[in-house]
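Q: Okay, handing you the structure first.
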Amino acid sequence: MLEARLQTGALLKKLLEAIKELITDANFDCSDNGIALQAMDNSHVALVALLLRHDGFEPYRCDRSLALGVNLVSLSKVLRCAGNDDIITLKADDTADVLSLTFENTDNDRISEYELKLMDIDSEHLGIPDTQYDAVVQMSSAEFLRICRDLQVLSDSVQIDVTKEGVKFAAKGELGSGAVTLKQSGNVDKEDDSTLIELQQDVSLNFSLKYLVNFTKATPLSTRVSLSMSSEVPLLVEYKMEAGYIRYYLAPKIGEDN
Amino acid sequence: MEYEEESNSLEMKESSLDITHEGAARPPSGTNSALLKSYTYATSLPTALEKDQECILGVDEAGRGPVLGPMVYGICYCPLAKKDELADLGFADSKTLKEDERDNLLEVIMSRPDLIGWSVRVLSPMDISNSMLRKEKYNLNALAHDTTIQLIRETLASGVNLREVYVDTVGPPETYQAKLERIFPSITKIVVAKKADSKYPIVSAASICAKVTRDDVLRHWVFAESGIEENVSREFGSGYPSDPKTVKWLKKNMDPIFGYPNIVRFSWGTCKTLLETSGKPVRWEDDDEGPKQPRINAMLSQSNESDLAQQKRQYSTFTTKSAPRPRPQLMQDMSLKNVVEF
């Protein structure tokens, strides 16, 4: 059985907000390592992989691996009933067809319990190879969100060019064009806002802005985001959390690069 | 029913009209089966036609404008020497005649198999749409020219010695005439003219053959699509997009997904507009402009299994919980889900 108690329930709420637009149904794969989820969006263009390690819970118990098939919209509705400071406990029996959720407030004088029906989800599990990326950009997640939203006004795709000087996001559309360049900075005072680039080779790739904007729904989870790129390999957008991560993969658009 | 307005006089007349409609013999050029492929009907040679006797021939069309039903090209020919005899039979432009008068005139034509030969080519709505909608556009004028040429060729091939040919045209007559003169150098006189059906009795006769055939095919239309005979109304009206009856039919009988049965010419603007506004929109993934967005699963390996193991799994009829059978590619591509468990 699974029993996982999360001190900061808001984390789970934010996680759901970060994936529910992309994925409707998914399996939470629970093991002694923690809770993981991997799913493609409906149009099979993007992949989401998230992990909440066992040490993020107190306590965490999972005797046998379990796949909990959940409708994410329903789960997010139930999680909306939890306060931001609530402690959330997830429970499921090995044979259970429900996931039980308990929300306790900080004063420990209000306890709410919900049960969510589970479903059988037929999912493809994709193997993600360990890739040595040509370029890894670490930047402020809020900045990434702003750039994606700003450029979406112009086009549905963005060209990302990474050189050792900096990273350039450029979009071209019917009404005009625009570009945002972030220079590699060693701004030690404002570590959260700095842009760091690890570069093996310059890259220039084209991505769907609709998907990137969707990925930025994870912004509340982390102040930093990393973009890992190589040509002909899916882009990896990663938001690291204290005990886990959420990763989004998106294939670059091909042909007709402007 | 369409004649009610016109026959405002006697009830007697109206009922006699009905008798003509139901009772009148159908022209031999109609069809009793579903019209999918265009076909040609030709009479045998006039019995009194002598070998190598010089003939005149008229060409006219019926049903060029309508959005429904076939387009019919008719030709009619008789010996040049008997030209006056033909004029005496009293032909006029088929459009100005009422349906029963036209039917009667076809009977007049058919009553003189010694004198007159004729044939029609019935172009199915499907063939018309296909021609107009195919990648290399084949417009209605080109279709008209080719059909006319084919009918004249076939007449020549049957052994008729054509001296004079009169053709009714919609497009510019000069270039069309030059084209026909080039193709048929053996024909001494080729006249292509607008409204030729009101100027030359032989063209008028051809227009009768075409019009009566079209009306008959439309009236006795056999739907090729199964199961719609009962559901689709036959109140086609004239078939012209300007006819409110036809517009009503088009609005009422459209399936939001499948569109129209094959009686409709899909290439007509009226039809396109209606399908676009009232039908369900179709999104063609390949039409999306700009760079292509590849699928993520095409870039990441499905799993770490060897190809052999994957194949085995794919072809295995047994499904196990741990290794579910991969979903068919189509289901994956279209993001289809099972709604029922088998």
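Cβ coordinates come from backbone N, Cα and C, glycine included.
Please treat TrEMBL annotations as automatic predictions, because they have not gone through curation.
Okay, so TrEMBL annotates it like this:
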- B:Asp60, B:Glu61, B:Asp168: divalent metal cation binding site (BINDING)
- B:302-322: compositional bias 'Polar residues' (COMPBIAS)
- B:54-280: domain 'RNase H type-2' (DOMAIN)
- B:302-328: region 'Disordered' (REGION)
Q: From the binding-site residues B:Asp60, B:Glu61, B:Asp168, keep only those with a C-beta under 8 angstroms from any C-beta in chain A, and list them in sequence order.
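A: Qualifying residues, whose Cβ lies under 8 Å from chain A: none.
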Q: Tell me the Cβ contacts of B:Glu61 (divalent metal cation binding site) under 8 Å, same chain only and six or more apart in sequence, or just say none.
A: B:Met71, B:Val72, B:Tyr73, B:Gly74, B:Ala144, B:Asp168, B:Val170, B:Ser207, B:Ala210
Q: For the binding-site residues B:Asp60, B:Asp168, which one has its C-beta crowded by the most other C-beta atoms within 10 angstroms?
A: B:Asp60
Q: Please average pLDDT over the domain 'RNase H type-2' (B:54-280) for the predicted structure.
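A: Across the domain 'RNase H type-2' (B:54-280), the average pLDDT comes out at 88.
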Q: For the divalent metal cation site (B:Asp60, B:Glu61, B:Asp168), what does the 8 A shell look like? I mean other same-chain residues with CB within 8 A of the CB centroid.
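A: Near the divalent metal cation site, the remaining chain residues are B:Val59, B:Ala62, B:Tyr73, B:Gly74, B:Val167, B:Thr169, B:Ala196, B:Asp197, B:Val203, B:Ala206, B:Ser207, B:Ala210.
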Q: Indicate whether B:Glu61 (divalent metal cation binding site) is helix, strand or coil by DSSP.
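A: It is in a strand.
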Q: Check the DSSP secondary structure of B:Asp168 (divalent metal cation binding site), expressed as helix, strand or coil.
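A: The three-state answer is strand.
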